[in-house]
Structure formats: structure tokens, C-alpha cells
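In TrEMBL this protein carries:
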COMPBIAS  14-41  compositional bias 'Basic and acidic residues'
COMPBIAS  442-466  compositional bias 'Basic and acidic residues'
COMPBIAS  487-499  compositional bias 'Basic residues'
DOMAIN    59-87  domain 'DEAD-box RNA helicase Q'
DOMAIN    90-261  domain 'Helicase ATP-binding'
DOMAIN    288-437  domain 'Helicase C-terminal'
REGION    12-41  region 'Disordered'
REGION    432-499  region 'Disordered'
MOTIF     59-87  motif 'Q motif'
Amino acid sequence: MKLFSWNRVRFRNQKPETRNQKPETRNQKPETRNQKPETRNEALDLELPAFHYLCGMTTTFEDLKVNKSILKVLTEIGFEQPTPIQEKAIPVVRSGVDVLGIAQTGTGKTAAYLLPIFMKLVKAEGEDPRALILVPTRELSIQVGEDIEELTTYSNIRHAAVYGGIGWTKHADLIKPGIDILVATPGRLWDLYKAGAVSLKKIKTLVIDEADRMLDMGFMPQIRQLLEIIPVKRQNLLFSATFNEKVEEMSHEFLDFPERVEIAPSATPAQLVQQSIYKVPNFRTKLNLIQHLLKDEETFTRVIIFVRTKEHAESVFKIIKRKTEGEKRILHSNKGQNTRINAINAFKDGDVRILISTDVSARGLDISLISHVINFDLPQRYEDYVHRIGRTARANNYGEAITLVNPAEEYHLRKIEQIIRMEIPVLEIPEEVEVPPTPKPENQDQLREIDRQKKLEDPTFKGAFHEKKRRPGQSKNTPVNPPAHLSKTKKFRKGKGKR
């Protein structure tokens, strides 16, 4: 049974007086066939997924008019249906308008802009790139490049992924034979442009991926410089996992009357992620708890442990390396480029069970079947919590995110819960885990941090460290810092004895 016809697909675009017309019979030629092909395709692309949704039907990549060569790859890798962001974004991107896409990590947003770009490019042409994808990190640049490589297996579309950390001449050699898509970090692209190794005169589509991260990393000046040398007549696509005032300002600056595509409220974690918290008193207890959890190899099969600093990363790695089973790797900014790439690839291939990382790899890692994300520390940026836990529960797989919180981090936990709009359940520390007393220096650091947080909430708050402690034997009625003429203690000059 035919659930809708061309007339029904174009129902919103019809004039009111045509709604009462009788539907066309099979033998009649529909009037829409005399229209320009672009109008037909536009009507189909923009309306068909919506009708499928309303009718309870499933939209396929064929419905979205994905190229046959790309369809073949999607079938081979097991992608039968588009994700929600792909279903919404692909028709809009194909229509040629500017797009603001808001989607969580792990929802398939990379393919949401790559697939329509492939449709527009069709095949290899010329030497200069026609599509430019700007990303904030080398890891994401590599990941997007790998996605393009896989999706264009049966196409002759050419690409290059460039990033910092290695000599620019190697990237210049990749670009020289001619490319259609260029994936780049802003800094490396600017280096290549100044050296005359790349021409951007034929760019027709610009993608700014992870826009919120771009802002946080201070790439705005470089992006503005690059936009001055890119053709004005182009399509702009801006994608972000979170949406805040800065991202909104960025969209106003770079996009012209954009179509907004959003599949979930900003900074809302994936529903497939089971989140939990352990409240721990100190650093040593965190280490003991992680060791206890990782003993369960059947449950904790592939784990990312996120830490706030490189020092914490090294400390955790030393303990985990000696006292847990399975291969482990560490990832932070002090590690060399090749070391980081090898660690990520080994983790992807399943050769590494545990990856300990700072937030440098919180974005751009597209690895399925990650069983757990453990937040050893809370991130410095609250939005990064979303990106961290987004490493698990990818591709509709269930995952778990466990966060360890000390007393000084509870303030930040409340802020994160406000962002994700939920209260994360708290679990009891297992009895088998040793909970040593908090060392005095660490306890004082925690108290100072708590004081700082309270002062942020209430500027009049004095804090536990506002006044100096009284000396032993000093009366409560005596000022802590009495005036010099009231002080009964004798003064001594260093090395001179009594005065």
C-alpha cells in the first residue's frame, strides 16, 4: 500500500486551494514532473524523512539519496539506518543553506556533514580542495581523515588530514598531487597557507567541527584570518556538542541565516550511559578504589581513565601498571606525536585494555565497545564531563561512567549536575577498599579550595584561613596579631642574640 504520493510529500508547499483536489491516478502524469529537478529533489529531501517519522517508518540512507558508492561502504560496515542527527542534517546540508548543528559526542555528527559533502563533490576534480573541515585537535583531525578514507573506499574523492606536531613539509607533500577535502587544525592550515603549500580559492563548503572546543582553545583569531582568504560565496556548517553564549555569538559571526539542527538539549549526556559517583576523602583512596574496580576484568573490559593533570596521569599510570591486569597506555600533551597516535590505535584495536588520559583526548576518539569511563578527577571545564562520558555508549552500545569525587570537588559536581539536568546517584565505597586518613597537606589544600568556592558564592565569606591561628598559651582575649606596643614577646635579631 502506498502511504504517500508526491502530492502528499509536497503538501506543505501547496497552496490552500489545491488541498481539495483529487489525488492523481496511476495512469495520469503528475504535474510535478514538469517542475525543475531541483525542486523535486528539494521537496523530497526535506519532507520524506519527516513523513517517515510521522508514519512510524524508518528512514534509510537510500531515502536520503546517498551516493551508491557510499551506500556500498555503509552496507559493508553495517550502517543500515541513519542516526537522528544524520537523518535531520543530511537533507538540510544538501539544500545548500548554512547549518548550526548541536549534537552530543557519539551521535554520528561527523557522518552527518561528511555524507552530504560527498554527494556534492561526486568525484575527484582539479587540484585545490573544495571542502574544508576545521577541527581543534590533531586526534580529531586524524579521526575524521580515517572516516573519510573508509567512506570513500569505492570513490575517487581525495583528501588529506593535516595537524601540528610533525613537519609541515610532509603535509605539503600530501596536498601537492591534488585533493578534494582538506581536514585541518587552524594552526597547521595557516602554516601551510603562508608557505604557499595550499590554495583555498576553490572552497565551496566550510565545516567548523567542535566549535565549543575551538573557542576554549583560543582558535578564534586564526579562524578569522582563514575566513578572510576563503571565498565569501560558500556554505558554512558549524557543529558543536554544547550550545552556550559563546557558540551562539560564533554562529552569528560566521553563519548567514542558519538552519538549526538539534537532536538533544545542549550538554545532555547520552541516555545509554549509566552514571554513578563514589565520594572519596583523598587521592590515595581514589587509587585504591580504581585498583579494586579494575580487578573485575570481565566487566571492565576496555576502560578510559580521565585525570585533570599530567602529574595525576603519571601517578595513576604507575600504580595501575603494577597492580592491574591487561595492557595500559598513558596519553597526555608531554607525550610525542607518534606515541599518542600509537596509543590510540592500540586502544582502538583492542590491544590495550586501559587508557589513562588528560582531556587532550576527550574529543575526537571514535572507539566503539568502550565499557567504562572513569573520571579520576572532575574536568576543569564542566562541559568536558559530557565529552568524557561520551567516549562510552557509542553506536547504541550501553556504557558506564564512574566519577570519583573528593570533598573539594563536590562544588564542581553540583555545577555539572546543573548542566546535565540530573542528579547522579552515589554509590558506597566497597568494604574491601582501604580508606586511609587524609594527609594534613592534602586536607589543607581541600579546605582552601572549599573556602575559595564559598567566596565565589558569597564574596563576604571570610574563610577558615582568613585569620592566623593563636599561639600556644595565648589568651582568647588577646588579639591574634596584637599591636607592637602591646606585645610582651621579646624580639631577637637573627644571629645577634638578645637585644
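Positions of Cβ are set from backbone N, Cα and C atoms, glycine also.
Residues in the domain 'DEAD-box RNA helicase Q' (59-87) partition by DSSP class (helix H, G, I; strand E, B; coil) as 13 helix, 0 strand, 16 coil. Residue counts of the domain 'Helicase C-terminal' (288-437) by helix, strand and coil are 56 helix, 25 strand, 69 coil (DSSP-based).
Outside the compositional bias 'Basic and acidic residues' (442-466), and at least 6 residues removed from its termini, the chain residues within Cβ reach (under 8 Å) are 282-283, 406-408, 411.
Here the domain 'Helicase C-terminal' (288-437) has a mean pLDDT of 85 out of 100.
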